[in-house]
Amino acid sequence: MNMVKENFEKRVYGEYEYDKMEIFTLKDGGQIQVHFKGSIFRNPSDTNSAPLLFVMPGLTSHSQSGYVRNMVDTAHSQGYQVILISYRGIGIPFTTPSLYCGNSIDDIYEPMKAMSQRYGQDSQGNKRKVFAIGASLGGTLLANALGDYADEHLLDAACVVNTPLKVWEMTDFLKTSMNGAYNLHMSRGMSKLVESNFPLLDAHFKKELGIDLREALNKVKEEKSQLVFDDLITAPFFGRKGHLDLYRWTACYYRIPKIQTPTMFMSNLDDPILGEQSIDYEMVRNNPNCVLATNRIGGHLGYHSSLFSLDVWFMQPVLSFLESQRDD
């Protein structure tokens, strides 16, 4: 449903307009796109004191993905100064032979820290509140960053949406759910990303890992599986022994006890990618800084208000949680 609506929305409404976009260079030389939506990005002397809100999307989602533009637009309409952080290779070519995964924490933390320093004060010199929302992979990265950088207190509150707390628990479910449709969709998205940057990545895989990347991609295409992609490409790149080892290594489950920032986790019991078994109620309950909200229906980021609506309703509870932390 979400995939169909995304294509429909783009055809009907065209490109979503951001106020500006810049290329952010990471410390290792990699580059990512950062999009901005808000009055202070249009006019630096604007007196608006509303909070910054960072948005981190799913695995291969981008600035024009249906649910992403709805997240940005809904938050912007409620006065937030929104900053969308994309991933390596999304919208721009790779500049280093580096993939990303749920443990690529600095890929979001470096731009969040830099943008917080740049825009973290209003025109009167008062500190803004700084919030963040991470969806799917973006939620894993956000939760992991909240755990690893807990002592820096960069964020005042955060929301983690449709993110597997125990990501290794989704593997068998992903193979059969929706007849493997999402497994295929995810593998095609990541394979396309690699194909778009093939010469750079192929040279690295051959020289450093002894892996024939073309052969690996052909196997992924044959098996139609994100799990196979992670077995043959992602896991070896990060020095892990297959997808299960990779998923345990990247799981935010292990960082939740360290989170000091007020954080809401939001999951759907009918998620066709993650399944209910990837939720861990006890782990969240044991951290007084965290709260878990579950919905009976909603799919994977498919919280559309009705069959023909383009609006995503999950932003209502998410922004309600963040509103409780505002003081502007």
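Residue numbering: from 1, along the chain as shown.
Glycine too: its Cβ is placed from the backbone N, Cα and C atoms.
Bear in mind that TrEMBL entries carry predicted annotations, made automatically and left uncurated.
Features reported for this protein in TrEMBL:
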type: DOMAIN; residues: 51-279; note: domain 'AB hydrolase-1'
type: ACT_SITE; residues: Ser136; note: active site, charge relay system
type: ACT_SITE; residues: Asp271; note: active site, charge relay system
type: ACT_SITE; residues: His300; note: active site, charge relay system
Residue among active-site residues Ser136, Asp271 with least C-beta crowding, 10 angstrom cut-off: Ser136
DSSP-derived class (H/G/I helix, E/B strand, else coil) of Ser136 (active site, charge relay system): coil
Integer Cα-Cα distance in angstrom, Asp271 (active site, charge relay system) to Ser136 (active site, charge relay system): 11
Conformational class of Asp271 (active site, charge relay system) under the three-state DSSP mapping: coil
